[in-house]
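Q: Have a look at this one.
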Amino acid sequence: MTKVYVPRDMAALAVGAKRVLAAIEKEAAARGEAIQIVRNGSRGLLWLEPLVEVETPEGRIGYGNVKPSDVPSLFDAGFLRGGAHPLSIGKVEEHPYWAKQTRVTFERVGVIDPVNLDDYVAHGGGQGLAKAFEIGPAKVIEEVTKSGLRGRGGAGFPAGIKWKTVADAPADRRYVVTNADEGDSGTFADRMVMEGDPFVLIEGMTICGYAIGASKGFIYLRAEYPQCAEVLTEALEAARKAGWLGPNVRGSGFAFDIELRIGAGAYVCGEETSLLESLEGKRGIVRAKPPLPAHVGFMSRPTVVNNVLTLATAPAILAKGGEYYASLGVGRSRGTMPLQIAGNVKFGGLYETPFGLTLGEIVNDIGGGSLSGRPVRAVQCGGPLGAYVPPSLFDTPFDYEAFQKHDSLIGHGGLVVFDDTVDMAQMARFGMEFCAIESCGKCTPCRIGSTRGVETIDRIVEGVDVEANIELLSDLCHTMKFGSLCALGGFAPYPVESALRHYPEDFRKATLPAAAE
Amino acid sequence: MSGAVPWNEARAQEIIDAHLGLEGPALPILHAIQEEFGYVPEAAVPQIAQSLNISRAEMHGVVSFYHDFRRAPAGRHVLKLCRAESCQSMGSEKIAKDFLERVKLEWGGTANDGSLTVEAVYCLGLCAHSPGALYDNEPIGRVDAEMLDELAAEARNS
Ligand SMILES: Cc1cc2nc3c(=O)[nH]c(=O)nc-3n(C[C@H](O)[C@H](O)[C@H](O)COP(=O)(O)O)c2cc1C
Ligand code: SF4
Ligand code: FES
């Protein structure tokens, strides 16, 4: 029976994967062709979704941007045997967008059936945990430390050190919490892992639990990902059934289980202490640090809070060795980063690669420039708290420290491309507005400052006392940066300041003489 | 989003009780209440508070903190339009503004015939297919005016 892959990834569904699946099933039945449908995750070649793949003796042949109306002609062309068709992209694994990646965290995403544990194991899944059980908790932490893996949620804190802190904290119980709140605009890597290879997150959390001495884990998933919740629920169920979760994980004697929790539409609940409050059933108000969650976390117990990608990378680090992972990357940015190329861009998708490519290579060579075909004017890196970077800085290598040098950040690896129709004063205004909408309200610079920021930008745009108001806005940014408790208020100024710095003309349109057209 | 049942205190208590074994059960309870009744009725707040042994004011604070908990029923269908940066880079703000004008609604508003509620969201993880939307939890990418008009029409007729 021919295997036909039709992704269940949310982005593929958003462009019609379900209708394509129905059309394929109907056509196959009408023609008496026996097929086996596999609902895989996405390969990350998102601009080609729905990307239908057919397994042939030569490998998996892909057909991109399939519409239901294309399906009869695909059958006519013999696509079940990999036949030629205008939508064919040939062997998916030879497509340059795939072939040039270094897939570590995303090794199996798009490749396997996400909720089939046998498929997971057949593609190398489970080896990391087996290794962990073999070497013991202390060596696991050593291996993760050696790998140089830094937290992928934004702050870039070394994962091994966090795990060690929790392991060393005296306690009657400890917890592992996956931060799956993924609220940054331009990011979808967490979602793609969870939809395309949920067992790798389950395995990563189990490894972490084993290393730190926790028997309970939570996944705090944002409410905006309902399809993802379905996949995770199926996977957790399958893992329990197979004894990969429960009182005796894979016969090791180690007890561990995971509970899925759904957020309720608050961006600030991605901040780890706000997340913990929310998990405990309270308002998502940020806690002052110290104490760190590593000492006083969920239910006041030592808790590892890690991003999805951080935990999902642990199995590969254990299976392949910390040294292998550390051999990739540049400077203090070790390993790979799953880049998310988004916005007004031709080849939007997920691209995992070692740190060190330049921003220009990512946006122009991999992303293909803007979708509109107009010149790229700005790239927002690292979500709503990240700076806008102009093409003049496109030689900046993708690396935590190099970005910091320009007052910008890598964050969760999202890159949002804008063409030259963007109005940067409006983007700066939105940055402040978003902060005002999502502020938890605990500190004044964030809660009030952001609203003042919106008003001040409005005055600037209207042409009222422009220079004085720009100075006021800069002061306000300064106050927010240094007077806010968490990075929502503390980093919201970065997009604003970068817009002011790199695109001064957009703030002075009302007063500058109209340019000669 | 139909399927919601009218408020029923006994049913609410069943839902609450089913979650009391969880560590930090408040959000799972609120989600389940909203799933059942279509919103979090005022009467549910003291009831949950009592079961969790916290003050009514505290519970109120929890419900009001989160954008997703409704204090009143929504329309029969809910359309969430993304307003975050990536979608803005593809013209989402103008598409949304024009649409809201055509259907005579403001953000968060419900059509007079109860067919549709339109809400803002900030990123749906569909940023490679911006502008993104969710219609009754079904994701939609590359949203344009025509698609939105079709959805509004479908909402009116179902
Ligand atoms: C406002 C705000 C929102 C955040 N949102 C997220 C998020 O959605 N996902 C995430 O993993 N980290 C987020 N973080 C970072 C977390 O606080 C924390 O650093 C992270 O979960 C730690 O995991 P890591 O070390 O694996 O990165 C956010 C931080 C702030 C200040
Ligand atoms: S900076 Fe803003 S979000 Fe962070 S704690 Fe203060 S008020 Fe809350
Ligand atoms: S910004 Fe709209 S879907 Fe991500």
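Positions of Cβ are set from backbone N, Cα and C atoms, glycine also.
Annotations for this protein, taken from TrEMBL, read as follows:
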BINDING   B:CYS82, B:CYS87, B:CYS123, B:CYS127  [2Fe-2S] cluster binding site
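What's the neighbourhood like for these features in this structure?
A: Its Cβ taken as reference, B:CYS127 ([2Fe-2S] cluster binding site) is surrounded by 33 other Cβ atoms within 10 Å in the chains shown.
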Q: Using a 10 Å radius around each Cβ and all protein chains in view, which of these binding-site residues has the most neighbours: B:CYS82, B:CYS87, B:CYS123?
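A: Answer by Cβ density within 10 Å: B:CYS87.
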Q: Check B:CYS87 ([2Fe-2S] cluster binding site) against DSSP and tell me helix, strand or coil, would you?
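A: In three-state terms, B:CYS87 ([2Fe-2S] cluster binding site) counts as helix.
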Q: Based on DSSP, name the secondary structure state of B:CYS123 ([2Fe-2S] cluster binding site): helix, strand or coil.
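A: It is coil.
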